[in-house]
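K.L.:
This is the feature table in TrEMBL:
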| type | residues | note |
| --- | --- | --- |
| ACT_SITE | Cys351 | active site |
| ACT_SITE | His410 | active site |
| ACT_SITE | Asp433 | active site |
| DOMAIN | 343-436 | domain 'Transglutaminase-like' |
Amino acid sequence: MTSSAKESNTHRGRYSEPVQNHWQKNIILFRYYQASVIFFLIDPHEYLNAFQVPTSNLINDEAGFPEFEFFDDQAMPRSNAPSGDALSVVKVDMCQSINKPNHYTVAYNIKNLVVRRGKQFVIRITFNRPIIKGDDFQVEFVIGSNPSPSKGTLLVVTFGDREGSSWSGTILEEQGESVILGITPTANAIVGKFRTYVAVIAGNSIQRTKRDARTDLYLLCNAWCPEDAVFLKDEAERKEYILNDNGIIFQGDVNAVSESDWVYGQFEMGILDACIYILDRSRIPISTRGNVVQLVRMASAMVNSQDDYGVLVGNWGGDFSMGKPPTSWTGSVQILLQYVNTGVPVCYAQCWVFAGVFNTLLRCLGIPARVITNFNSAHDNTGNLRTDLIFKMDGSPDRRHTTDSIWNYHCWNEVFINRHDLPPHCSGWQVVDATPQETSDGFYRCGPSSVNAIKDGLLCHPFDCGFVFAEVNSDVVYHKRDRYGTLSAFKVDKTYIGKLICTKAVGKYERLDITRNYKYLQGNTILLKNEKNQQCVNKLKDIYFLHLCPSLQVQMCQDVILAVDFQNQGDLPKTVQAHLSESVIFYTGVTANHFKDYDFTVTVPAHQSEKHLKEKEYLPHLGTQVSLRFVVTGQADEQSLTAIKVVELQTPHLTVEASGQLQVQKEMFVTASFTNPYSFPLQDVIVAIEGSGLISYKTRFYSVIEPQASYSWTESFIPRLEGQRRLVAVMVCSNLGRLGQSSLPAQRYKKNT
């Protein structure tokens, strides 16, 4: 550097878990709920084994599956008595070099075989001699403890006339002592880590191979298999929604949409085991992990720590001293590895972090998934499918009695599932949301909700369609509350909520507008009606707010020139008694700092418009937030008026450069640089760099960056994966929050020849 040059939230209905720590073998959890503090002392093993139904995939009791056993005394011999040398297994080869390319799993940085269900994979077994007629052997795949064929946790694959399990097997080739076998799991098989045994049957006994961790295999969902519930027809979409380990998440304001890179990193070392660990912690029975609907529903609860000690602690406040600010994360890898290594929820997250981590888990398990952003997203606390905003009689917002909120944006996930539990038109993209907002069947989770059902207003279908419908398509009803608590609606806005719904485009780092997937164009809607709301709309006929400016992007520390534009459609002049409320808000719509109220009067000539200008000085009140909200209310005769404008302040970008040869296993360098453009120093600056398949999460700390001072940080890395790759850098500080993010355009890395 050169010298020259948090979850707490005031919104009711939420609580936080800001402190979690390990102490020896026990976990101490401090949970804050409103004004109460509750202490839990939990033994992790007791927590996982609280239910008798097997729920652990990674921790198993091997003693229950013997290497040698006799059949029932009354049972007939399963094969003829051996003649000559008894058949025995010398070696089991999982043929990774053949299977991984065929199953699109080469990128997984793991020593074991990873395959997808519903598609054949091959293994090579070497015996002590060539097999002959009368030899009998089988391959057994076991998952979890107390394996059972009836529950699908013990799969016996046979290769003769003898009947086996639902998985099929065939002898593809015999080469002396070696046999190449083809094995096909069912398309609804359990997702997880299986142990592999080869068993030889001789007379009235069975001899299995010893436990060998090298022959364990991971079984994933298969979007390439038409019989799998996650089958996706389009190859480009399969590459995007399963195989792409980088993405962009849209944020900001509907009038100033910004994008942030996110490193999903589903193929990085340790991530697949971390995802299975999360399923274990969810206590979902192993026998049900082949059902994608149940799997994603429980997983959505486990990504947040609100009620089940899950991955991430939410924090929509400003105090992140017990962890990392949500804006400092560049991807999911560091979060998941920290969680699985400590067993403690990671601090902190907001909606895009929940969505990014959940997307990693889903793609890692083979489920097509994408991150969605809904701008002007409603949070309906009352369940009336309406967003109610309450004002005092003087026109100022009544924050005490307003329980609903409108987020600048909200991120969730979509998964592609063929819903056999619903009518056919409800299959396809489903909403799942890991951000803890409301409970669903006792857990903080949401979905899967059919997007098609939400669009058609079919809110009876499971799960949580009504809540998502309100997020994207509820009416905003403006009320005035008198001194006696009586509410009178004076305006209904049917177009404000769900203004833009978007995701990353397939194969491109661009925005794809999917608003029409969720709602019909205004005027053609078949959605729910409310007669009282419609009557309120009909009252507004003489004068209304045209708009509030600015509509352009505003850089942080620049003045905001606010223009309130009125238009009079009547035949007589109108005098408007107006009130302007100014606040710094969290992106969730909750007020962080209300800093000014301003009354003014405007006379609007008949059939003309009138503009009222005011310059805003907001910096002393900003803190770490970047959103300003201006609310104008007015009274003209008996007509009440209102308009809302949210301004998302823009922050400067980092400069990121890479040097070296774009080749796998060749050393390269990445440099992040920044100059402080402000007139005040930046405190406690953290810079992070990450690139999936390129460089793991790295950080650098600067205690202070003086005004106009610069820094430059260079880090070396060795690319691991070929193909299109991106490097991402982010920078945060304690006095302004996130300062900027930058990424290098995707570059193609070649194999080391």
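Numbering starts at 1 and runs along the chain as it is shown here.
Cβ from N, Cα, C; glycine included.
Annotations in TrEMBL come from automatic prediction, not curation.
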K.L.:
Which value does the mean pLDDT take for the domain 'Transglutaminase-like' (343-436) in this predicted structure?
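P.N.:
Computed over the domain 'Transglutaminase-like' (343-436), the mean pLDDT is 95 on the 0 to 100 scale.
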K.L.:
Cα distance, Cys351 (active site) to His410 (active site), nearest Å?
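P.N.:
It is 6 Å, counting Cα to Cα.
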K.L.:
Can you tell me how far the Cα of Asp433 (active site) sits from the Cα of Cys351 (active site), in Å?
P.N.:
9
K.L.:
Within the domain 'Transglutaminase-like' (343-436), count helix residues (DSSP H, G, I), strand residues (E, B) and coil residues, in that order.
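P.N.:
The domain 'Transglutaminase-like' (343-436) comes out at 17 helix, 41 strand, 36 coil.
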K.L.:
What are the sequence-distant neighbours of Cys351 (active site), meaning same chain, six or more residues apart, C-beta distance under 8 angstroms?
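P.N.:
Residues satisfying the criterion: Trp407, His410, Cys411, Trp412, Thr435.
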